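Q: Okay, handing you the structure first.
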Amino acid sequence: MILQLLLPLCLSLIISLACESLVQPRPAPLLLRPRVTLYIHIATWLLLYATAFLVLQRGWLSAGLLNVLHLVIVQSCRSKWSSLREPFLVQDFEYFLDAIRHPRLYVPFFGLGLAIAASTSGFLAFAAFLWWEPSLVSTHGAGSFLTSVAVIAAVGGLLLPFSLRRRPEIMLQPENDLYRLGLISFFWAYGLYPRRAIDPVKTPACFRHPDRQAVTTSSLPNIVIVQSEAFFDPRTWQPALAQDLLGHWDALKASSHAHGELSVPVWGANTVRSETAFLTGLSGSDLGMHQFNPYRQLAKQPVPNLVASLKRLGYRCVAVHPYPATFYCRDQVMPKLGFDEFIDIADFDHSDRNGQYIGDAAVARKVHTLLASATDAPLMVFVITMENHGPLHLETADPAWLQRLPEEISGCLEPKDANTLAVYLRHLRNADHMANELSHSLSQQPRHGLMCWYGDHVPIMEGVYEALGAPSGHSHYLLWSTLPPRSRESIDSEVAEHPTNIENLAERLWQDLALFSQPRDPAESVESHGTEQQRIELQEQR
């Protein structure tokens with residue numbers, strides 16, 4: 001029994017240590033790490049093996065299962081690093097459940113073929129070992145079997161707490177911490193890190209004391225905030241792209257009172273980190289361990305934020321996100337932030353899709369309907385778009401957009417990567433049209449309007465970046481108002497020389513709110529955006 005028990009255990013442990021070299025970003029060699037991290041790895045493996053052995057009653061099957069699951073995690077590390085430039089975190093384990101609920105968002109980045117092959121081969125291997133390897137309970141008796149399990153579990157159970165108490169401190173810098181600790185110790189360190197409540201004092205003062213705004217409800221403008229999926233101006237990255245790609249965006253920038261690059265905390269995904277930073281004004285260091293999945297904490301702990309502050313001024317606040325409300329716990333978080341209503345994918349039709357998701361045009365129409373039906377209270381609409389969400393490579397590019405790619409760009413790309421870029425640019429143009437539509441919708445209302453538009457992160461296009469070089473990782477933003485230029489001559493237009501931190505953007509919007517809060521002359525809206533009949537009636541009234 002010793003051979004059937006210890007040989008697979010030792011071999012699987014050695015394989016697990018060897019597989020650390022496959023992790024990306026790669027941890028330091030074993031001999032260069034603190035010795036206690038090796039003890040943590042060994043103790044964890046002993047406990048996992050004891051658990052699998054207790055259930056399966058077979059040494060080789062238990063060892064093989066652990067190594068297969070470990071390789072799945074290693075591949076997840078590699079996939080996440082390749083796509084998002086961030087190590088796989090212990091918080092990411094819950095995304096395995098999300099991958100079942102929302103497979104399109106996750107499985108393609110792992111590799112659809114790899115996922116199918118791994119699942120199939122794993123099932124066949126499991127069935128083969130189950131049939132080929134006899135149960136040690138039946139061959140050696142339950143007493144000997146349980147004693148063996150208890151000994152292994154006891155060694156691991158004693159070694160693990162001893163080692164964890166001596167684990168190195170972490171800096172909440174995942175790449176650096178993974179390098180120093182190795183994968184399993186890295187998971188333990190992040191899993192055991194204290195989850196302290198978010199300190200509300202770290203939120204901007206304007207969110208903690210919003211009543212200091214010296215404005216009346218009747219003069220407050222409507223506000224539309226758009227967190228545009230994967231939006232950035234790619235012409236700053238690839239100047240050869242058509243200069244008219246974002247024509248409406250350029251026009252809005254020219255009449256905006258602030259625009260520029262935006263420093264966001266993520267690359268390619270993890271939208272809620274940008275979302276949290278904007279809505280609360282909290283940076284990653286302010287959030288501590290919560291920075292990696294902030295909505296888990298915000299679902300339990302409300303903090304001062306932009307939405308709650310606007311509500312105290314008299315705003316009706318609506319969130320629009322054309323995806324299931326339960327994703328990222330938004331159905332729990334949005335009400336706690338102060339939103340009066342959360343419109344999700346249930347309010348859209350299949351015909352509203354553009355590509356894989358609900359299109360920006362449909363979302364713009366929804367916002368227009370909300371603005372047009374607004375009551376006496378000012379309205380704030382926070383929009384989280386989906387149209388340009390990946391995986392972009394699952395969509396076939398429009399041939400016209402492939403032809404629009406300049407030769408100096410398309411000539412450097414593999415066909416699949418050219419397809420990905422063309423798909424992204426087409427959806428980006430639709431976002432450009434959405435910005436234009438929203439500016440018109442705001443201009444047509446009796447109140448003045450403010451629009452804040454920003455990108456949550458750059459898109460995932462690994463092959464494109466490998467061929468052309470990666471962008472800076474900054475997205476872009478603008479703040480725009482319906483206030484005529486002559487009415488805001490005292491308000492300086494700002495073009496940021498350096499990237500603006502996203503956690504400062506809502507505070508800037510709040511500061512501008514008082515400057516742009518003025519009653520609107522009804523005639524102004526008619527003259528600018530009314531019908532010909534409305535203009536005639538206005539002339540007759542005069």
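Cβ coordinates are placed from backbone N, Cα and C, and glycine is handled just like the others.
So TrEMBL lists the following for this protein:
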type     : residues : note
TRANSMEM : 38-56    : transmembrane segment
TRANSMEM : 105-132  : transmembrane segment
TRANSMEM : 144-164  : transmembrane segment
TRANSMEM : 176-193  : transmembrane segment
DOMAIN   : 221-468  : domain 'Sulfatase N-terminal'
REGION   : 520-542  : region 'Disordered'
COMPBIAS : 521-542  : compositional bias 'Basic and acidic residues'
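How buried are the listed features, and what sits near them?
A: For the transmembrane segment (38-56), same-chain residues at least 6 beyond its ends with a Cβ under 8 Å from one of its own Cβ atoms are 5, 9, 12-13, 16-17, 30, 62-63, 65-66, 130, 148-149, 152-153, 155-157, 159-160, 162-164, 167, 182, 184-185, 188.
Residues 20, 23, 25-28, 30, 33-34, 36-38, 40-41, 44-45, 73-74, 77, 87, 89-91, 164, 167-168, 170, 288-289 of the same chain, all 6+ positions outside the transmembrane segment (176-193), place their C-beta atoms under 8 angstroms from a C-beta of that stretch.
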Q: Give residue numbers and ranges for long-range contacts of the transmembrane segment (144-164): same chain, 6 or more residues beyond its ends, CB-CB under 8 A.
A: 1, 5, 9, 36, 39-40, 42-47, 49-51, 53-54, 57, 136-137, 188, 192
Q: I'm checking region-level scores; what's the whole-number mean pLDDT for the domain 'Sulfatase N-terminal' (221-468)?
A: 97
